Amino acid sequence: MRPALRKVSSLLRHLNSHRRAHSTSSVSADELSHFSSLASSWWDPMGPSRVLHLMNPLRHDFITSCLADTPPPPRTSATAASPAPANNLRYLDVGCGGGIFAESLARTIPTNPNTTSATRTQAASITAIDPTSALIKIARDHARTDPKVSAHLRDGKFTYKNCTLEDLIENSSHSEDEQFDVVTLFEVLEHVDSNASSSPLGFLTNCLKVLRPGGWLVGSTIARTFPSFLVNQVIAEAPWPIGVVPRGTHEWSKFVNPDELYAWAQEGLMRSQDGAAVRGGSDALQGMRWQCSGVMYFPGIGWKMALGSESWGNYFWAVRKGV
Ligand SMILES: C[S@@+](CC[C@H](N)C(=O)[O-])C[C@H]1O[C@@H](n2cnc3c(N)ncnc32)[C@H](O)[C@@H]1O
């Protein structure tokens, strides 16, 4: 077989095996193949993932503002003799890609867990998952280049897993001990497959299932409007030097408006209460909080928060699960 044909046939075999492995998954084979092709340039700050790199500091700011609004309750009751650690939050980064956010958060985890000074995001650990195996490999390789981050990979405070969210849930005991204080979902919702067994609502519900009561689900996505079509598909995916993301990155019909997302978050909170939960229905909305803020990309400057622009463009959003 000619080398090019061999390469295509091996890629098809890989995608088919992935499809079999994740039969009830929210992952589309097209998305896997698209993101696999970007793996080698993921950490190039001037490469195709440039806008994700530039957005990263705002993610930390937005999480910090959610935690300041309503902090997740401590897991263990603190006493004067044994105060709760200052950085005690367990994070899950869903669709972590090559690790731009996950690695930056891992860098904030103190080496000494008993440190009394709180970091802005108060992370004690982070688990980062992605269905694209090539990206998880790139993420791990990159993390090993920083001694502090590499130490967290070894001591278990930082974990990468090549799996889907559905796999994670299937292998979880669903106890509060295994749930996370903060679940992040940056630029992922608009890539989730919609089919007979998968939908963005089902995906959000799963994110809320792995979230502790009192925890925050934090994400970013793009509103489905005419301006966002122009900006994110026509201009952003135009050929170089105008375009900033590779062609085929986005499908405008999968973008999500903030009011849809808010309704799905409410529905997801109600659905995520399983049969053993004491609360269901609209009771599940007690203590819910919602945050939403537009962000705009200015060429040469980067991303800036732009309150009000969430109704037509890129935005951060967050939902707190009631206690
Ligand atoms: C635009 S990238 C964002 C990566 C990362 N969150 C960031 O912002 O740096 C989208 C990521 O979502 C992942 N993805 C696509 N479909 C997914 C699904 N159904 N579940 C979880 N992750 C998915 C892709 O593999 C890819 O890594």
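Quick reminder: no glycine exception, Cβ is built from N, Cα and C everywhere.
For the S-adenosyl-L-methionine site, TrEMBL gives ARG59, GLY95, PHE186; the one candidate out of ASP130, ASP141, ASP146, ASP155 that the record lists there too is ASP130. Geometry remark: HIS191 (Mg(2+) binding site) versus ASP130 (S-adenosyl-L-methionine binding site), CA distance 12 Å. Rounded to a whole value, the Cα-Cα separation of ASP130 (S-adenosyl-L-methionine binding site) and GLU187 (Mg(2+) binding site) is 12 Å. Counting only same-chain residues six or more apart in sequence, the Cβ atoms lying under 8 angstroms from the Cβ of GLU187 (Mg(2+) binding site) belong to LEU52, GLY95, SER220, THR221.
Here the Cα atom of GLU190 (Mg(2+) binding site) is found 17 Å from that of ARG59 (S-adenosyl-L-methionine binding site). Ligand 1 lies within reach of GLY95, ASP130, HIS191 from the binding-site residues GLY95, ASP130, GLU190, HIS191, judged by a C-beta closer than 6 angstroms to any of its atoms. In this structure, HIS191 (Mg(2+) binding site) is part of a helix by DSSP. Within 8 Å of the centroid of the Cβ atoms of GLU187, GLU190, HIS191, where the record puts Mg(2+), the same chain has further Cβ atoms from GLY95, VAL188, LEU189, VAL192, THR221, ILE222, HIS250, LYS254.
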